[in-house]
Amino acid sequence: MNNRKKMLLTILMTLFLIFLAGIFIQHRIVAMLNNAAEHSVSRQTEDLSMLAGERFLRFLTPLQTAANHLSTHEQDKEAVLQMLVQQNPQGQAGLIDFQHHTMGRFLSRDSFPRLQLAFHGNTIIDYNPDIGILLATPVFYGDNVRYVLYQVYPLEMLPKLFALSDYDAFTHVIIQYRDGTLAVPYENYTTDDTKFWADDTIQAGMKEVHRRLQRSKAAAVYTEGAEGKFFVFGADLPQTDFSLIGYMPWSAVAGQITSIYQRVFFLFSFMLILFACLSIYLLMAQTSVAETEELREARQAADAANQAKSQFLANMSHEIRTPINAISGMNEMILRQELPAEVRKYASNIKSATAALLTIINEILDFSKIESGHMEIVPTDYQLAQVLREVGTLVGVRAHAKNLAFKIHVDPYLPNGLYGDAGRLRQILINLLNNAIKYTPSGSVTLDISGQRSASTLRLRAAVTDTGIGIREEDRARLFHVFERLDIKRNCQIEGTGLGLAITHRLLNMMKGTIQVDSTYGEGSTFTIELPQEVHSFDPIGVFNLNAQPDLDTNLSHQASFIAPDARVLIVDDNDMNCFVASSLLKETQMQTTIAHSGAEALETLQKQSFHVVLLDYMMPGMDGVETLHKAKQLQGISSTRFIALTATALSGSREKFLGEGFDNYLSKPMTGDELTAMLHRYLPAELIKPAPASLPPMAAPAPAPAAEAPPATAADTPSSPLIDRELGMKYCNNMEAIYHNILGMFSKQSTGKIARLDEDFATGNWDDYRINIHALKSTALTIGCRSLNQKAKEQEQAAKDYLAEDAAPSQKQQALDYLQQHHADIMALYRQTAEAANPQ
Ligand code: ADP
């Protein structure tokens with residue numbers, strides 16, 4: 001704002017200066033032009049005066065010649081007079097002597113006062129407004145004047161006499177004696193003219209003319225006064241005692257000047273307008289710059305708000321996930337028990353519901369992705385029945401709570417094994433069903449699943465019908481707008497954001513699906529979606545019964561659901577502990593596991609022997625997981641080997657990243673036994689997988705089942721410490737005491753060497769290795785159940801990462817380095833403490 005004021009002031013000042021300059025220049029130009037005009041008028045006057053003088057002499061010369069003749073031939077008086085009249089009929093010639101006797105044209109001495117001067121020997125010209133113009137010259141006898149010879153011209157002769165007709169109508173000329181007395185005025189000379197000539201400015205101008213006449217033959221001066229703008233001029237009539245003076249109005253001369261003046265004026269106005277336009281443009285540009293600035297600030301604020309929102313969502317979903325994890329963990333413990341059928345049903349419902357809930361939490365996180373255009377569709381193989389069961393369970397509970405009947409009709413001939421984004425399908429169905437429940441006060445909500453198959457694609461069709469409030473015809477167009485809620489008056493009690501259908505619509509678009517709405521206001525609505533999905537198994541889904549016990553759950557008590565004694569699995573991890581955990585977890589599946597501690601070792605092993613699955617640590621010193629994978633893929637006979645990445649850093653988008661690198665899938669460390677075996681079940685050749693022998697008791701070797709069986713023994717076996725969450729550690733060991741016991745021992749034993757390495761890397765600034773080793777510490781700490789060390793290592797790893805980042809600014813690098821230096825000693829101290837606490841001895 002301040003800047004704009006300054007700018008405006010500058011522009012106004014500049015305009016003012018230009019205006020002043022304009023006036024100055026205009027004055028200068030006018031002065032110069034007037035000078036030039038003066039010059040030209042004086043030249044003109046000079047020319048005219050020559051002409052006038054010449055013409056005047058033409059009248060005077062015969063008179064003087066005649067006078068000369070008479071002075072010697074007095075007797076020729078009559079003849080001379082006659083001759084003069086003959087020569088010049090307008091001029092009545094006459095002769096007058098001292099006694100006032102006249103001959104020829106009569107002349108009273110009083111009518112022309114200057115006549116007297118002629119008797120003193122001068123040639124005169126005199127003027128009488130009533131009579132005319134008198135030209136008179138003396139006739140000498142010796143030195144004395146005896147007569148005066150004269151001619152009287154009528155006034156009309158005046159122009160002719162002095163060639164004054166050459167002047168234009170605006171120009172007035174007077175013939176004067178050189179001393180300034182009037183000889184002959186112009187025609188129609190009145191008292192006004194006398195007044196004009198008496199005007200001060202004109203007088204001053206004339207004075208200047210006379211002054212200049214002393215040096216040149218003609219002069220003209222521009223005057224500007226009460227009478228107006230004029231040029232006054234004067235010139236001597238050559239060979240006479242007369243001068244010619246006159247004036248003309250400025251405008252008569254200034255025709256051209258005016259046009260030049262106008263052009264200058266136009267140019268200046270044009271410049272001013274241009275400048276004004278430029279100023280306005282600048283002002284507008286300045287304004288728009290200010291606006292862009294404001295916009296940028298607004299965007300920054302919006303970005304910050306969005307960031308805060310995303311952060312909040314991330315935090316919240318994390319906070320929610322933790323208790324849900326606890327619920328599902330507890331529930332899993334319950335499911336592992338021998339249970340009455342009823343209780344098992346409840347527990348498996350809890351399991352499905354928590355799974356769906358977790359998905360929703362993840363979807364909340366996805367909102368921000370949709371908004372920023374980062375939402376991705378990730379297709380996988382999935383079981384349609386499984387998705388419907390999860391959706392049905394979640395929705396069924398809600399419908400039941402609202403006393404609504406909830407029905408699912410599924411075409412039993414639909415293929416069950418589909419390929420598509422099951423998470424998004426689930427999200428869409430849940431959205432539509434939730435809406436149906438929300439906007440239905442009583443009656444029923446029905447989900448109809450059908451589809452049309454063509455080749456290997458199924459056009460899956462899901463129709464959600466409710467007996468609710470319905471949607472008005474005119475509202476339907478706004479149904480899929482973001483934050484748009486309809487019929488607000490009626491729906492104000494119902495919670496909602498107005499995002500659900502917008503997201504549903506966009507997701508369907510992304511998956512090439514469609515959505516359609518039929519509704520009768522007051523009676524209910526049907527939302528129908530169609531979504532193309534690939535079919536990967538044509539086994540029909542069969543009669544779908546939401547309340548039926550899902551197959552999966554019957555097997556849920558913890559035991560190896562399969563064995564694969566011929567399967568060969570290579571575990572590659574630089575960390576002994578991780579290798580040990582993985583191989584221990586796989587023991588009950590009877591798979592043949594081999595361990596390699598580095599990428600190089602893995603490649604060597606792969607050359608010697610073929611494996612069905614390789615579990616490959618992502619981050620290892622030396623050759624990392626990706627490099628090892630790429631090299632391994634070039635080996636002979638590797639094409640059927642599947643590679644699973646093991647990573648301690650699972651972020652959103654990790655999956656795509658690993659698949660992009662060429663991995664078949666990935667597991668987050670620490671992983672549970674179930675996760676590991678499920679993954680292997682998926683990637684091992686089907687013929688190697690055999691059902692677990694029924695005789696095998698649940699929770700077979702090497703460790704007994706958790707908790708109840710021998711609580712005092714477990715507590716004694718593995719130390720408990722505030723630093724170590726035993727339950728957490730046990731979880732990662734499939735609750736197998738023996739494994740846990742072992743890894744605690746390993747953790748403790750390895751600590752000295754690992755601390756020494758970390759110290760050395762820290763001291764020598766070998767941040768690459770430092771990062772890898774602190775990364776390893778992060779996951780091993782969690783595996784044994786030490787959250788604080790895990791957290792600290794995680795932060796330290798982030799600092800090392802920041803320090804090593806290629807695009808880090810020097811200040812960020814320094815900040816990261818400071819952080820590393822401030823925290824290293826503490827972390828090592830905590831590591832030592834934890835190792836001590838973990839030591840089973
Ligand atoms: P909300 O969070 O408000 O439910 P949605 O985007 O899911 O947001 O829905 C937008 C609006 O569409 C709702 O506010 C509601 O007015 C209307 N609507 C959605 N589904 C139904 C339905 N089954 N019956 C009646 N109105 C519905």
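Each Cβ is built from the backbone N, Cα and C atoms, and glycine gets one as well.
Annotated transmembrane segment per TrEMBL: 6-25 (among others), in sequence order.
The transmembrane segment annotation in TrEMBL covers 264-284 (among others). Residues 4, 7-8, 11, 14-15, 18-19, 22, 25-26, 29 of the same chain lie 6 or more positions beyond the ends of the transmembrane segment (264-284) yet place their CB under 8 Å from a CB of it.
Annotation comment: TrEMBL describes 315-535 as domain 'Histidine kinase'.
Per TrEMBL, the feature domain 'Response regulatory' maps to 568-684.
Summarising the annotation, TrEMBL assigns 4-aspartylphosphate to Asp617. Counting only same-chain residues six or more apart in sequence, the Cβ atoms lying under 8 angstroms from the Cβ of Asp617 (4-aspartylphosphate) belong to Val572, Asp573, Asp574, Asn575, Asn578, Gly625, Ala645, Leu646, Thr647.
The annotation compositional bias 'Low complexity' is assigned in TrEMBL to 706-721.
Annotation source TrEMBL lists domain 'HPt' at 736-834. Secondary structure counts, DSSP: the domain 'HPt' (736-834) has 89 helix, 0 strand, 10 coil.
Note on the domain 'HPt' (736-834): mean pLDDT across this stretch is 88. Here the transmembrane segment (6-25) has Cβ contacts under 8 Å with residues 264, 268, 271-272, 275-276, 279, 282-283, 286 of the same chain, all six or more residues outside its ends. Secondary structure from DSSP puts Asp617 (4-aspartylphosphate) in a beta strand. Broken down by DSSP into helix, strand and coil, the domain 'Response regulatory' (568-684) contains 51 helix, 25 strand, 41 coil.
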